[in-house]
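Over in TrEMBL, the protein carries these features:
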BINDING   HIS125, THR126, LYS263, ASN272, ARG281  substrate binding site
BINDING   HIS155, HIS200, HIS255  divalent metal cation binding site
Amino acid sequence: MTIAITCGEPAGIGPEIAVKAWAALRDKMRMVWIGDPRHLPIGTSYTVIDDPRGSLPADSLPVLAQDYGPAPTPGIADPRLAAGVIHAIETGAALAMAGQIDGICTAPIHKAALVHGAGFAYPGHTEFLAALGGVDRVVMMLACDALRVVPVTIHIAVADVPARLTPDLLAETLRLTHAGLQRDFGLNAPRIAVAGLNPHAGEDGLMGREEITLIRPVLDQLRAEGLDLIGPLPADTMFHAGARQHYDVAVCMYHDQALIPIKTLDFAGGVNVTLGLPFIRTSPDHGTAFDIAGKGIADPASMIAALRMAGQMAAARKV
Ligand SMILES: NC(=O)C1=CN([C@@H]2O[C@H](COP(=O)(O)OP(=O)(O)OC[C@H]3O[C@@H](n4cnc5c(N)ncnc54)[C@H](O)[C@@H]3O)[C@@H](O)[C@H]2O)C=CC1
Ligand SMILES: NCC(=O)COP(=O)(O)O
């Protein structure tokens, strides 16, 4: 099994955590890095390879080399590199879809840098990879040992959430989550908790009506299809340790409702995984960390967890 790491934003911590994670896991799994070797931390031992399916060097980072431009100043995105950052993701996705690698693990991108530098038309990897994979809908799931979460709406303004939260989007997110947990996480009958949108899950309509008009009808429909659904639950009380025992994943209505609990519980161990793609994709749960880039102090734990998860998913699909 071979997992490719895409370089991510060269001015961030992506190259550093890729090298650290590769060093930690090189005895346990096959990994290649896609990017411009000039963006690796100074002194990194690497070997340029052509074929990710061939033999890989044991003691230097295998690199599918691209030519994107000289390394930027740490912490300052260089717009001239934006097209290269995007190309690395495209290369990883293409290799995965061609079966030349078993999955990709994407280092973080700086979304604004890609928009300003290359007119990137997507708010994140998740939406870009859906387009590359030729699928209309995917699900962003973040997972750590203590919790899995899915935001139904992802990278949109909070003000836009109620209008974008449609029965179709909610139903498809729940179905993809159910199928993804079955396929890749060994859960035959995943228990899915669903958050309300409003405080106290609307308190019988006193604090908002989306629970009554939208969420409950969708849950009733999908229960009839056989999904094990709990909710809609008040989001403020569904994440304490006791509550978490009753479900395998929490599906939330918007980005921060889902990501705040998991990043608070386990920032170092969290993994971002895209469900519903025709290939495996994981990522660390954190961003580019410009404030510590180039200092050599970035923690590779989330990247290590993401690579392990990609490897486990790939192994499960081969059984
Ligand atoms: N998958 C992706 O491509 C993701 C990209 N981002 C992007 O990253 C950029 C910065 O986002 P922020 O909200 O500032 O979050 P961030 O995760 O980059 O940083 C938040 C704080 O956590 C620290 N931190 C993050 N990762 C760390 C690590 N491995 N070791 C030690 N400390 C670490 C940072 O130094 C900073 O103090 C944004 O452009 C955002 O869009 C954010 C999340 C995921
Ligand atoms: N906040 C999570 C995040 O930004 C991850 O986005 P993506 O690049 O994995 O789509």
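Note that Cβ sites are derived from N, Cα and C of the backbone, with glycine treated the same way.
Automatic prediction, not curation, is the source of TrEMBL annotations.
Location within the structure of each feature annotated in TrEMBL.
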residue	record	Cβ contacts under 8 Å, 6 or more apart
HIS125	substrate binding site	ILE89, THR106, ILE109, THR274, ARG281, SER283
THR126	substrate binding site	VAL138, MET140, ILE154, HIS155, THR274
HIS200	divalent metal cation binding site	MET207, PRO234
HIS255	divalent metal cation binding site	PRO151, THR153, ILE154, HIS155, ILE156
LYS263	substrate binding site	LEU142, GLY270, ASP285, HIS286
ASN272	substrate binding site	MET140, MET141, LEU142, THR282, SER283, PRO284, ASP285, ALA306
Three-state secondary structure, HIS255 (divalent metal cation binding site) (per DSSP): helix
Least buried by Cβ count (within 10 Å) of the binding-site residues HIS155, ARG281: HIS155
HIS155 (divalent metal cation binding site) - helix vs strand vs coil (DSSP): coil
Sequence-ordered binding-site residues from HIS125, THR126, HIS200, LYS263, ASN272, ARG281 with Cβ under 6 Å of an atom of ligand 2: HIS125, THR126, ASN272
Three-class DSSP secondary structure - ARG281 (substrate binding site): strand
